[in-house]
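So that you can see what the record holds, here are the features copied from TrEMBL:
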type	residues	note
DOMAIN	19-282	domain 'Protein kinase'
BINDING	LEU25, GLY26, GLN27, GLY28, GLY29, PHE30, GLY31, SER32, VAL33, LYS48, GLU102, ASP109	ATP binding site
ACT_SITE	ASP149	active site, proton acceptor
Amino acid sequence: SGCNKLFYRKCYNSFKSRYVVGDELGQGGFGSVYKGSRISDGLQVAIKFVSKRKTSRFLYSSKAVPAEVALMQIMSQPPICNNIVQLIEWFDEPQRYILIQERPDPCMDLESFLKKQGNCMDEDMARDIMVQVVEAVNQCSKRGVLHRDIKLQNLLINIDTLEVKLIDFGCGDLIKTTPYDRYAGTFRYCPPEFLVYGSYDADPATVWSLGVLLFRMVYGHLPFASKFETIVGIFVFKDGLSKECRNLIAWCLEWLPSKRPTGEVAEPGQSGCQTTASHGRLIWLHSMRNCNYLNEVYTK
């Protein structure tokens, strides 16, 4: 059967006739990822195999499309965001789902890249990476998608161009106006409100994870070593970091969710206010641009 607008192929025999599977790239809680290539033109791809036994989340009542696929479909519709890995197509086999995704080359995850940098990086490089991560999150937010697991391992970086792409929507969900009562991501990036009250809202939780990410990039370790430290909310800045960078981290890691960056404002190059008020969503990029730490990138 042919590929329709939802990147979907029902006939599982067609996968083997279209792709060659190579070396394993990694494993996660939701499946294994391998290098691969498309037979017709040699396109280099990443092939993710997800067992149906581990797939219990669906966004729609028909249960025809698993949540991870549905979210990637949303994020792979034009206009494409260069900072989010694209879903090329997917296959439904009797025992598993197969996701065919773009594979930048040469690239590695941000955790591996940091290790090669001595486990941390200077502010200029961290700023360039943060701008791209914020752009990816901004695009997710505008399309009503909550990634819910932003961390070093879920960011790919092209080691030649330093272009960053957000990957792995396996923990994701649709943005909703009511609080979430299940935390699906990595607990070192978990906001304190979930640990204390058992619930969190989409935007403040994502901002918290961005603060943890930036702290990790510039210091070489996470701001909180345990759930207790996260609940207490105390972290230490060492010397050598600019005031602007410290202020941005502190803003994102405000203990009270209401004090973290928020706002719905115009995109660059546009006049007036661009709103996504139907969900009261945060347009992240401008909020970060208001911080001096990131402004330099946009005034070069």
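Placed from the backbone N, Cα and C atoms, the Cβ positions cover glycine too.
Projection of TrEMBL feature records onto the structure.
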{"residue": "LEU25", "record": "ATP binding site", "DSSP (3 states)": "strand"}
{"residue": "GLY31", "record": "ATP binding site", "DSSP (3 states)": "strand"}
{"residue": "GLU102", "record": "ATP binding site", "DSSP (3 states)": "strand"}
{"residue": "ASP149", "record": "active site, proton acceptor", "DSSP (3 states)": "coil"}
Nonlocal neighbours by CB distance (under 8 Å) for GLN27 (ATP binding site), same chain, sequence gap 6 or more
VAL33
Cα separation, ASP149 (active site, proton acceptor) to LEU25 (ATP binding site) (Å, whole number)
19
Between ASP149 (active site, proton acceptor) and GLY31 (ATP binding site), how many Å separate their Cα atoms?
15
Going by a 10 angstroms cut-off between Cβ atoms, which of the binding-site residues LEU25, VAL33 has the sparsest surroundings?
LEU25
Would you report the average pLDDT that the model assigns to the domain 'Protein kinase' (19-282)?
88
Neighbour tally for GLY31 (ATP binding site), based on other Cβ positions within 10 Å of its Cβ
21
Looking only at GLU102, ASP149, which of these recorded positions has the biggest number of Cβ atoms within 10 Å around its Cβ?
ASP149
